[in-house]
Structure formats: C-alpha cells, structure tokens
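Residues or ranges marked as substrate binding site by Swiss-Prot: Lys7, Arg10, Lys41, Pro42, Val43, Unk44, Thr45, Lys66, Arg85. Taken from Swiss-Prot, the feature active site, proton acceptor applies to His12. Taken from Swiss-Prot, the feature disulfide bond covers Cys26-Cys84, Cys40-Cys95, Cys58-Cys110, Cys65-Cys72. Residues or ranges marked as N-linked glycosylation site by Swiss-Prot: Asn34. According to Swiss-Prot, the active site, proton donor annotation covers His119.
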Amino acid sequence: KESAAAKFZRZHMBSSTSSASSSBYCBZMMKSRNLTQDRCKPVBTFVHZSLABVZAVCSZKBVACKBGZTBCYZSYSTMSITBCRZTGSSKYPBCAYKTTQAKKHIIVACZGBPYVPVHFBASV
C-alpha cells in the first residue's frame, strides 16, 4: 500500500520543473499522477521545489490546519507552485483543469518518523 508520504509526493511534488510549462500542465499532470482515475479530483497543488526543501517545512512555522488539527507547518519562504482547479466543463472521465502558476507560502501537515509532509493543506 502506498504510504502517506509517498502519496504526498505523487499528488503534490514536481521538482523536475520550475513552473508549469503550459496551460495543459494540469490536465497532463492530474492524469499522469492518477488523480483522475475514479473521479476528477476537484483541486490539487503541485510544488516546484526540491523534496528536501518541502520536507524542511515540517520544522518551520507551526500553524493550525484548516480542519483545526495542530500538525500543520507554513513555509518561511515562498515556493513556486501550480494550482490545478477543475473547470466548469470538466466531466469524468474527461477531467479538465485550469492551470495557475504562483509563488506562495505552503502549509503542509506532517507526521511519522522521519517527520515528513503527508497532506497539502493550503497556500498563502
């Protein structure tokens, strides 16, 4: 079974590019990362930074998660991210996404030993 840390990497990490390469980025990434297999995942964020830099956020600014849990951390610096949001015309299995490039602080939930990101909570 895929670990929570591995799932985070599959769903949110794209260290190989510094930003979204084209407007098709989200359509392609959501499909290739299996985020449209049994439904269209409505929203997803990819982070264009090294895994080490994202894992380091687990020791940065301690903040509350959206659900009120306390295991979330906000990055001290802004990171290059791409937000993928399902469009109005998107219909499974033909999932369609709007690609939005941004530089923002990320908020992740961390757990385990080693203490690593397992959930992408928000960007601010």
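Glycine is treated like the rest: Cβ placed from N, Cα and C.
Structure with Swiss-Prot features highlighted.
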| residue | record | DSSP class |
| --- | --- | --- |
| Lys7 | substrate binding site | helix |
| Cys26 | disulfide bond | helix |
| Cys40 | disulfide bond | coil |
| Thr45 | substrate binding site | strand |
| Cys72 | disulfide bond | strand |
| Arg85 | substrate binding site | strand |
| Cys95 | disulfide bond | coil |
| Cys110 | disulfide bond | strand |
| His119 | active site, proton donor | strand |
| message | Just to be sure I understand: of His12, Cys26, Asn34, Cys58, Cys72, His119, which recorded positions have a C-alpha no more than 10 angstroms from the C-alpha of Arg85 (substrate binding site)? | response | Cys26
| Residue among the recorded positions Lys7, His119 whose Cβ has the most other Cβ atoms within 10 Å | His119
| Near Cys40 (disulfide bond), which residues of its own chain have a C-beta under 8 A away, given they sit six or more steps off in sequence? | Met30, Unk86, Ser90, Lys91, Tyr92, Cys95
| message | Around the C-beta of Cys58 (disulfide bond), how many further C-beta atoms are within 10 angstroms, looking at every protein chain? | response | 20
| task | Could you state the whole-number distance in Å separating the C-alpha atoms of Thr45 (substrate binding site) and His12 (active site, proton acceptor)? | result | 6
| field | Cys65 (disulfide bond) versus recorded positions His12, Lys41, His119 - nearest by Cα | value | His119
| Restricting the comparison to the recorded positions Cys58, Cys72, Cys110, His119, which residue's C-alpha is spatially nearest the C-alpha of Lys7 (substrate binding site)? | His119
| Taking only the recorded positions His12, Lys41, Val43, which one has a CA atom nearest to the CA atom of Cys110 (disulfide bond)? | His12
| query | Looking at the recorded positions His12, Cys26, Asn34, Val43, Cys58, whose Cα is closest in space to that of His119 (active site, proton donor)? | reply | His12
| remark: For the residue listed as 'active site, proton acceptor' and Cys84 (disulfide bond), the CA-to-CA distance in whole Å is 11
